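Report on one structure; see the data block that follows.
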Protein chains: 4
Amino acid sequence: MKKKLKMAVIGGGSSYTPELIEGFINRYDEMPVEQVYLVDIEEGREKLEIVGALAKRMVEKAGVPIEVILTFDRREAIKDADFVITQLRVGLLEARGRDEHIPLRYNAIGQETTGAGGFAKAMRTIPVILDICKDIEELSPDAMLLNFTNPAGIITETVLKHTNVKSIGLCNLPIGIRMQMAKLCDTDLDNVFIEMIGINHLNWTTKIVVDGIDVTKEVLSKASEAKGLTMKNIPDFGWDKEFLQALGALPCSYHRYFYMKDEMLAEQLESVKTKGTRAEVVKRVEEELFELYKDPNLAIKPPQLQERGGAYYSEAALNLVSSIYNNKGDIQTVNVQNNGIIPCLPDDVSVEVNCVIDSQGAHPIQLSTEITPQIRGLLQVVKAYEELTVQAGVTGDYDTAVQALTINPLVGSVNLAKSILDDVLAENKKYLPQFN
Amino acid sequence: MKKKLKMAVIGGGSSYTPELIEGFINRYDEMPVEQVYLVDIEEGREKLEIVGALAKRMVEKAGVPIEVILTFDRREAIKDADFVITQLRVGLLEARGRDEHIPLRYNAIGQETTGAGGFAKAMRTIPVILDICKDIEELSPDAMLLNFTNPAGIITETVLKHTNVKSIGLCNLPIGIRMQMAKLCDTDLDNVFIEMIGINHLNWTTKIVVDGIDVTKEVLSKASEAKGLTMKNIPDFGWDKEFLQALGALPCSYHRYFYMKDEMLAEQLESVKTKGTRAEVVKRVEEELFELYKDPNLAIKPPQLQERGGAYYSEAALNLVSSIYNNKGDIQTVNVQNNGIIPCLPDDVSVEVNCVIDSQGAHPIQLSTEITPQIRGLLQVVKAYEELTVQAGVTGDYDTAVQALTINPLVGSVNLAKSILDDVLAENKKYLPQFN
Amino acid sequence: MKKKLKMAVIGGGSSYTPELIEGFINRYDEMPVEQVYLVDIEEGREKLEIVGALAKRMVEKAGVPIEVILTFDRREAIKDADFVITQLRVGLLEARGRDEHIPLRYNAIGQETTGAGGFAKAMRTIPVILDICKDIEELSPDAMLLNFTNPAGIITETVLKHTNVKSIGLCNLPIGIRMQMAKLCDTDLDNVFIEMIGINHLNWTTKIVVDGIDVTKEVLSKASEAKGLTMKNIPDFGWDKEFLQALGALPCSYHRYFYMKDEMLAEQLESVKTKGTRAEVVKRVEEELFELYKDPNLAIKPPQLQERGGAYYSEAALNLVSSIYNNKGDIQTVNVQNNGIIPCLPDDVSVEVNCVIDSQGAHPIQLSTEITPQIRGLLQVVKAYEELTVQAGVTGDYDTAVQALTINPLVGSVNLAKSILDDVLAENKKYLPQFN
Amino acid sequence: MKKKLKMAVIGGGSSYTPELIEGFINRYDEMPVEQVYLVDIEEGREKLEIVGALAKRMVEKAGVPIEVILTFDRREAIKDADFVITQLRVGLLEARGRDEHIPLRYNAIGQETTGAGGFAKAMRTIPVILDICKDIEELSPDAMLLNFTNPAGIITETVLKHTNVKSIGLCNLPIGIRMQMAKLCDTDLDNVFIEMIGINHLNWTTKIVVDGIDVTKEVLSKASEAKGLTMKNIPDFGWDKEFLQALGALPCSYHRYFYMKDEMLAEQLESVKTKGTRAEVVKRVEEELFELYKDPNLAIKPPQLQERGGAYYSEAALNLVSSIYNNKGDIQTVNVQNNGIIPCLPDDVSVEVNCVIDSQGAHPIQLSTEITPQIRGLLQVVKAYEELTVQAGVTGDYDTAVQALTINPLVGSVNLAKSILDDVLAENKKYLPQFN
């Protein structure tokens, strides 16, 4: 009989937790989780207690022998864990709000994971993830770290470059695109295979196969008019038809910040006036969710969570855990070290590509589609930005941070980079020990 | 005794020609030019006749047996030529004016060689250079084509990818930077060695050696305050001191369009109101030059030409011709096929690097300095833009052109790319057969 | 309902055919074969008729609606085929006998697929495979060619480099090694995963995973003493224990020709005196098989075929067909174009690696083990030999053939290469149109 | 005024030293050597005193202010040296004799620098060179180490991989080939340019340019009949004419051990009977030389030294020193780290290629000729052998040594490798601390 699993969920007080718990319950037979440690920091005590109580009610109602443990002692959670799942948010939604506001002051895109906003989030998260990895190296060196925390590509690259922890980064975007393709082609998810080239939040779907048939061209010609091909948090601007054809690939939702920079900026500037930034919207949603969670009669994941924006996170995470645990050898799109699978990027960076997942981890599959210059150029410059961001986040070097922001196409000039950076540093001071 | 040389100068009516002629005269002993064919098109008849008459007076006064032949028959000039030098400008300064104005309409940088302006110039020039190469392939297959015509990197790449002509692209920027370094370090040009990483009009000086000593750090700390470290046609904004240190290299003049985009755009918008675009300034300078050239008593290169902005073009060109003719094996910075010398760029693109020049052509030297992510990212995205530009220029494909402009950091979004492209195509119709 | 399949088996008169037929019968439900064309040449009429009659009896007895068609018209078989399977042997076993004898005359290894023997076989086979590919290009351009014909790596590389036919090369060696590992570890085949680095008949098993656990080290320490870790046709010399540990990988059977050249040569020289070469042994086996096949009461694959040496060929082939037909996405070890998956080999060569197999073909998986210098050096020199062999076989250039043999470690000097080559050419004259 | 030079010559008692001294004298004006430290070990006292006395007489007679210092204190010599030149021979000619004899016992090539003989020499030399480098790192970290000691490629690679010392490896073979080409083409050395691809003692001359004209084809057709195209220590077997043409390059002298293995082995076995191995021949020559050196009236390099076999060593060394000292920027063929200049070899290995030599060191020039599979395969396997040899020499790991010898084409099987290795280790025990 195979070993039962201990899971450590860092950021356990997240509103997403019920989705994870639901997944553990539903998959108990294929993947017997014995213990789930929900860890959070003291500031998040209230949320952890609410969501933890719900989790316990869910498990009890389902009648599965999963033990849910709430703790503020990260080391206790990590010790001998089989998997460590990070879904933390350093600085809470307040910090996200600042990430969105600061760039907008300077007429630059303010977004949680791309551009200067994502940079700020990376700066706050890197010291914490490195700390977590030190604990894992000491207390559970064989554990697999599954990182959800955004910017997931940058955080995964940090772990791969600067620690000895085994880690895979994951995001709900790839599975979301497969689901959109299934819907667009009116078929089931299982019939849809996609090939992606790229990095987290900047990947191009270069091939779509449905029922064994390559339908990429047809999908590209449909996609420019289709609605709903975007993440919840990104305006659903359609793509220019000829542009898509010449691109030869389906961009992801986040590409709108690059390919439609002016329109997206205009939308953000307008939107911030009427409904606040995305952080403010999400905060209201979260408050409502936690109100629901408090209900002692609630013992299932409430359907409203679906609206939160992070759909399929749990699905993505548990697919991964199960394929590793069960040595499945199926294909999932995750964030791993490049090692030549995208030949135009350095070997040591993180990329988001199709991988065979088995007990030994994630094994990238050779791309079968060409990386055209139009894809390559943007991919390379954003990856170079990410490499500098990792370096700035680890060293706390101001000048490296300026270099990073300067070559990010959503910032793009030295003085603008410095202005934004100065605000970021000033307003996140307590979360940036490496810069002090 | 070695063979005497036949030179074909395409665009012979250029105001730069007296500099070339002066070079042929001064170097007659090391490099015996027997015939110089100055070729131009019918539209340029007046200028060719003026500058051709001056060239003849110069040769006569100098007492060297160089024959200057004026012609409108390009094939006659190319037949059996040893070197073909292209210094043409399709559409004359009027077209340059449009290249500078069109992007400005949309608040984008309007510049002759970078951004959308350079793109337009490439579209006009590519069909002409391909025609010239067909003539060379037929009439003088062993000739070496020395291409001065801007955007020199893109034009050289077009020749290398789409013809069998032996070609080297050259620019006065590298020699200009060496001269600036000599001035800054208060030494002679011959004592200064620089290493450059990059492509035409986007190269980083990563190493400066004076008298055998590596002085890169010292120069970088001086350079932010130094004046005069720019080309004549680019505002002399100083560099941010910390930025330079963290960049670890000296950017070239044209980098200001990327690193100081906002300031440069503001300057252009202001400048265009007061003195017109650079094309208009140059036009006035050229008119004055041609007035001087008409003087039948003038039989030397007038000193005012120095002010024109293309200083050292002739020096760069004749250094190259002489090193090939005399099998010198010295080092010059020119545009050649990459073939791995800049490992982060594709093999078949043009790059601007230090080469050993001998009878067999230009042989790139391995870089001794690291290509940091901050250099790499920008270099890669601009090169990808250039590759797409070559492709658009050769095929006349509208959608490829949109892709090219979209990933150019000086344009950067689909709708902006389309707006500018539509104007470029409409206003250059007669020069763009490939798009019709 | 999915399309039923037409299979064309070139070299249909082979003694292996009953195994294939058995496979088609057993897998009819997952992979409905409607027509099997067994094609052969006039010289092979008798064998085709015997084996064809057996095949028909097998199908009839099994009661599956598979039509078996015997033909000497290859084009009829290929037209609209879904899969073309090549298991031909140009020059029959007589030629193989010469391949084994000629090198031995000069004290060089005489073996069917490696060394000079394999070279001779390649020379005979390349013209035929190119002819077959011309037919496929014309008559069934979407067909997948599955090549069994040895030297399988060289023949697959020829097809990939010189035709437009979709092709995968396959061999029973990888599945054989997995089976040996299963036996050695006392587990089922399905529990065994292996990673291989290399090319056909020269691959190193660098990782063995049983039930999700990496057991490579344990297996390496057991393997030196184990018996039965070799192919039927290769003497079962044990491996040196320390050698295996330092190699860090399990060599394949054919590595004995390289790592134990002297002992293998001595064995061959001795063996040829007593029982003749392997061809002669096989010939006797085949004659016995055909005697069995003639029996009109025989309607199943006779168990004696198992002894023939090509065990699991059919298994390997039908696994591949089924995974493509059913879009399975499982992992098989096959011969495909490299494209960087083995970074120390050129992109355009064939390699034998783990691939995900689905409707789109075979997709190599990134290696998770290091290619050490001890593996790399031998792999590279043998692959260079193969590249030259492909070139010699296509062009019929004598001097290229000398280069190929000279760098093959089993030949290794110019004069020896020429002596052997001269005999090969003289004694295979009728099969080598490209050299005439 | 430029700094005067301190030179440390390790192995100063070598019979070659008078050539070096002559060079220092002749080039005093361009390269003012102030002090030459001749260092040797106690065992070499007699030779050092003889050759040192001659050196002093030479300097005095020439009337140049060079101070010659004899010492057994290596650290005194290295301290603040500008250049350290290693021309040592660990174990003296006696050890070389064993290197030549041991492989012959097993019918394998016995040669000083290639095959198992070269391997043994590497094992003895690596510990010594690492010791020297530790001294340099401590006492003269900016010194340039010029390594002559064979196997020069392996020793240079050891230094580059395992120390922080700046180092260039050099050999008289490249200059010797240029001289042979000059002779063959009846021109002066200065008119001859060659391009080489390869590593020390295994390089292919792929391009020969005389007076600016590519004459490679003509030279290849002449070379098969030419005499004198070999080093003094290698039998002058001619090359097969068709082989040379298809090779497309001129092999070096040492290639005969690979391409004509059987003939060379036969010659060695015969030769050892009549005149002993090469070590024994050299020993007699050396004894005669030292007799000459003792003559107190001798104050010049005696012409008999030319016959010794190491012609142009001094020329090669002093060309290098002068180009570095004088920042010349000329081209020399030396051993440096690869870093992609030979793309089919790893980045961190040593290669022997054309370099621009200046004050900053040696800068490889991009190859202009193709690396064909026939060159690539042999080059790669021998380099892999060298990498393993470096590793075995540094770690003293027996099993790594077996791997190295096994893939060396001049050994080529496990048991042979072990037999030879056992003898090498037993008979060199006192020189192999790393194996004890």
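Cβ atoms are placed via backbone N, Cα and C, with glycine included.
Automated prediction, rather than curation, is the source of TrEMBL annotations.
Here is what TrEMBL records for this protein:
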- B:R96, B:N150: substrate binding site (BINDING)
- B:E112: site 'Increases basicity of active site Tyr' (SITE)
- B:C171, B:H201: Mn(2+) binding site (BINDING)
- B:197-411: domain 'Glycosyl hydrolase family 4 C-terminal' (DOMAIN)
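Sequence features annotated in TrEMBL and their locations in the structure.
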residue	record	CB count, 10 Å
B:R96	substrate binding site	27
B:E112	site 'Increases basicity of active site Tyr'	23
B:N150	substrate binding site	22
B:C171	Mn(2+) binding site	27
B:H201	Mn(2+) binding site	25
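Here the domain 'Glycosyl hydrolase family 4 C-terminal' (B:197-411) returns a mean pLDDT of 91 for the predicted model. Spatially, by CA atoms, the recorded positions B:E112, B:C171, B:H201 include one closest to B:R96 (substrate binding site), and that is B:E112. Checking each of the binding-site residues (B:N150, B:C171, B:H201) against B:E112 (site 'Increases basicity of active site Tyr'), the C-alpha distance stays within 10 Å for B:N150. Distance from the CA of B:N150 (substrate binding site) to the CA of B:C171 (Mn(2+) binding site) is 9 Å. The two recorded residues, B:N150 (substrate binding site) and B:H201 (Mn(2+) binding site), have Cα atoms 10 Å apart.
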